[in-house]
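J.: This is the feature table in Swiss-Prot:
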type	residues	note
ACT_SITE	His65	active site
BINDING	Tyr68, Lys107, Asn537, Gly574	ATP binding site
BINDING	Ser110, His111, Asn112, His113, Arg132, Gln256, Glu328, Ser329, Gln330, Ser577	substrate binding site
ACT_SITE	His111	active site, proton acceptor
BINDING	Asp133, Asp284	Mg(2+) 2 binding site
Amino acid sequence: MTVSFENKDFNQFINSSKFLVEYDVMSALKQEGLKQSDYVEICRRLNRGPNRNELGMFGVMWSEHCCYRNSRPLLKNLPTTGSRILVGPGENAGVVDIGFGQRLVFKIESHNHPSAVEPFQGAATGVGGILRDIFTMGARPIALLNALRFGPLDDEKNISLLEGVVAGISHYGNCVGVPTIGGEVGFDSSYSGNPLVNVMGLGLMETEEIVCSGASGIDFPVLYVGNTTGRDGMGGASFASSELSKTSIDDRPAVQVGDPFLEKGLIEACLEAFKTGYVIAAQDMGAAGLTCSCSEMASKGEVGIELNLDLVPAREKGMTAYEFLLSESQERMLFVVKPGSEEELRELFIRWGLYVEVVGKVLKEKVVRVIHKGEVVANLPASALADDTPIEEHLLINSTPEYLQEHWKWTEDLLPKTLDNGIINIKNNLFISWNNVLLDLLSMPSIASKNWIYKQYDYQVQSNTVVSPGEADAAVIRIRSQNDFLTKPKKDRGIASVVDCNDRWVYLDPLRGSMSAVAEAARNLSSVGAEPIAITNNLNFSSPDKPVGFWQLSMSCEGITKACLALSTPVTGGNVSLYNDTKLQNNTVLPIHPTPVIGMVGLIEDINKICKKSWVKAEDQIWMIGLPLENNINQDERISLSASSFLEYIHGLKTGRPPEIDLNLEKQVHAFLREVIKQGIVNSAHDLGDGGLAVAIAECCISSGYGANIILPPSQSRLDRLLFAEGGARVLVSCSTDQSEELKKYYKNISLQGSNLFSISHLGNVNNQKKLLVSQSNNTIIDVNILDLKDTYKDAIHKKITK
């Protein structure tokens, strides 16, 4: 449904006797983030003017954050079905079947705007919110990941944001006892005023009784459980649905305050309560608080809910109905339970130190009815709040935006000619050796080790973490059964998970960049030996009200759809965060890079056969799976210096069109990689990402302490292209001499069965000399000590912060 209204008639409309209200409509609409056309539509549905409480409820529920009014038409095209999918989009989290009576529950959410205002609490409550999404489904939380974006660390403000966000994530996750096992962090000037904080949660359940959120049972009691309700987080959903400005940066009351120790009790109490069989439906109170939980539970169950605010545990005296309804105080849940179970459940929750009250009941009439001080203060159709919400009409431009047309004109021919020992740097017209190019790339915070961040997280709590952060291309945790009655698998199984997005690529081509995000996530999972099974996505974009912004979002959704269909990784749900723009003091608006973060999960049948990225022993041979290094002048468009880290960080150019994404190639490479890992043919695996071949080899050397001898084939291609180009579905593996014969044999066998789109290329061998040596035609190209590589890579972020 699309709503529209002519401004010139609005004053006449609101002053008509039928829709007259006792408040200033214009100022109220501004406060709630609603349009005049929204107000007209609300009046049409109610056949009266809404009171002030009701308008506030519509304000949060019709915000982009809650109803996806700009993105819903695009999201419906995402693939959401598959053989393992048990619960897809629409519930608190997605659920997939991983066999042996076990289900994996997972989702990703953003807390971007709150983290810009108050980084510690904004990030901490982001963790708390995603954990509630997980255990509300009946699953025990087992892991967390995060995807973060900040402005350059040359700015003290960005350093402060980074420190605050990492501290908030660390504090909440560590205190609640859920390991933060991985993630990704990027830095770009577009995020200087608008950092991104995306948190992904995973949970394990071993019962068929998935707890859903749709209410049922006329007159069944509605139970409030958890923390008290205060004035923190007021209007958080509306705040998250508008661009950041100096005014909103100072809007600290819109940021919630979390209590991880109370959340820990809430987790245990809820999981215990679910086992009783008394809980009919459950919904956490996140964005829009009581308003959202009541309206969504009622709408999904096609019933109504009566809520008595006089019974809600209050943190502060004198709270109004409006404040109760819009508060986003943390660690709160709403249950529908079986009649007669109230006292038993009350004792259970009190034992865990939680507030618990019967605050309402399920109604036959499909409304959300709110009572305060003995009077009805709101009475609204549940579907109007949570289901039948407005959809914005946007005209999709039918041609590539001008900014991209200009970027796509760039070609590698515009770079200075390469020499055997280096290149002229366009940024300052000075010569730079290949050694220093590599060291400079490794010192860039987006590429460098994130050890300064990881070491603040407790990633070993629960004792199921198999791979420490940074050791492999994906995080891996052991699946440890919680129930003795389940049939046990013969081998120790695991779950691999990853979050991925090359935002520079998406900025320079939203379609290819988004396809690449899905493909890289699947490649990273395959690099540890995991079979990718499903994704959750977090679409972080700028304003869709601008034609370019909506085009970027549309192209990104199309790219995700294509890649998910090709790689058989359906979407189980996720989050959309729009209006990630910063209004500068001169009134110009700075949009972020479009950043569709892909959270992907995969299944490992035997965790004893996973691969890390470290070389394992000296003299192992180094191979590359995927597209080969070129040996002629004809360039493969699937590999390029365009949009590369080399181009941006060495030459200061963020331009060019990212490489073509060959999804059939990706699929073949992933399958081959998983099989050779399963058969024990390779000892290590690491995909080529930011910085291309040279950076990938350096990372393998740094993590292992071993060196490498790499011999580039004779080629007419540019040296920088061979060393630093990106793309091509390429993965480095290492194996012994005997294993190398097995690798070649297996590749030959599958070649006989069909057409291979990829090759395996021998590049060199692991050495014990503690040096990375790269040569071509007997000319030394790179000769760097591993300790120098390690010091540069490991200390880069710490040095930036403490400079």
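Positions of Cβ are set from backbone N, Cα and C atoms, glycine also.
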J.: Provide the number of Cβ atoms within 10 Å of the Cβ of Glu328 (substrate binding site), excluding the reference atom itself.
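T.: That number is 31.
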J.: How big is the gap, in Å, between the Cα of Asp133 (Mg(2+) 2 binding site) and that of Lys107 (ATP binding site), rounded to a whole number?
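T.: Rounded to a whole number, the Cα-Cα distance is 8 Å.
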J.: Under 8 Å between C-beta atoms and at least six apart in sequence, can you list the same-chain neighbours of Arg132 (substrate binding site), or say none if there are none?
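T.: Arg132 (substrate binding site) has long-range Cβ partners Asn92, Glu263, Leu266, Asp284, Gly286, Glu331, Met333.
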J.: Out of Ser110, His111, Asn112, point to the one nearest Gly574 (ATP binding site) in space (Cα versus Cα); all of them are recorded positions in the record.
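T.: Answer for the nearest of the recorded positions: Ser110.
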J.: Report, in whole Å, the straight Cα-to-Cα distance of His65 (active site) from Lys107 (ATP binding site).
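T.: So the Cα of His65 (active site) lies 16 Å away from that of Lys107 (ATP binding site).
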J.: Any same-chain residues 6+ apart from Gln330 (substrate binding site) with CB under 8 Å of its CB? Would you list them in sequence order, or say none?
T.: Thr125, Gly128, Gly129, Asn227, Asp232, Gly233, Gln256, Val257, Gly258, Asp259, Glu263
J.: For the recorded ATP site formed by Tyr68, Lys107, Asn537, Gly574, name the remaining residues of the chain with Cβ within 8 Å of the site's Cβ center, in chain order.
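T.: In sequence order, the nearby non-listed residues are Leu75, Pro89, Ile108, Glu109, Thr536, Asn538, Leu539, Val571, Gly573, Asn575, Val576.
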J.: Which number gives the other C-beta atoms within 10 angstroms of the C-beta of Asn537 (ATP binding site), all protein chains shown included?
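T.: A 10 Å sphere around the Cβ of Asn537 (ATP binding site) contains 31 other Cβ atoms.
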J.: Pop the Cα-Cα gap between the residue listed as 'active site' and Ser110 (substrate binding site) into the table, whole Å please.
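T.: Given the Cα positions, Ser110 (substrate binding site) is 10 Å from the residue listed as 'active site'.
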J.: Measuring Cα to Cα, how many Å separate Asn112 (substrate binding site) from His65 (active site)?
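T.: Roughly 11 Å, rounded to the nearest whole number.
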J.: Per DSSP, Asn112 (substrate binding site) is which: helix, strand or coil?
T.: helix
J.: For each of the active-site residues (His65, His111), count the other CB atoms lying within 10 A of its CB, then report the residue with the highest count.
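T.: When each Cβ's neighbours within 10 Å are tallied, His111 tops the list.
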J.: Could you state the CA-to-CA distance between Tyr68 (ATP binding site) and Glu328 (substrate binding site) to the nearest Å?
T.: 19
J.: Consider each pair of residues in Ser110, His111, Asn112, His113, Arg132, Gln256, Glu328, Ser329, Gln330, Ser577, all listed by the record as binding substrate, and report the largest Cα separation in Å as a whole number.
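T.: Result: 20 Å between the two most distant Cα atoms.
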J.: Does DSSP put Arg132 (substrate binding site) in a helix, in a strand, or in coil?
T.: helix
J.: Given Asn537 (ATP binding site) and His65 (active site), what distance in Å do their CA atoms have, once rounded to a whole number?
T.: 15
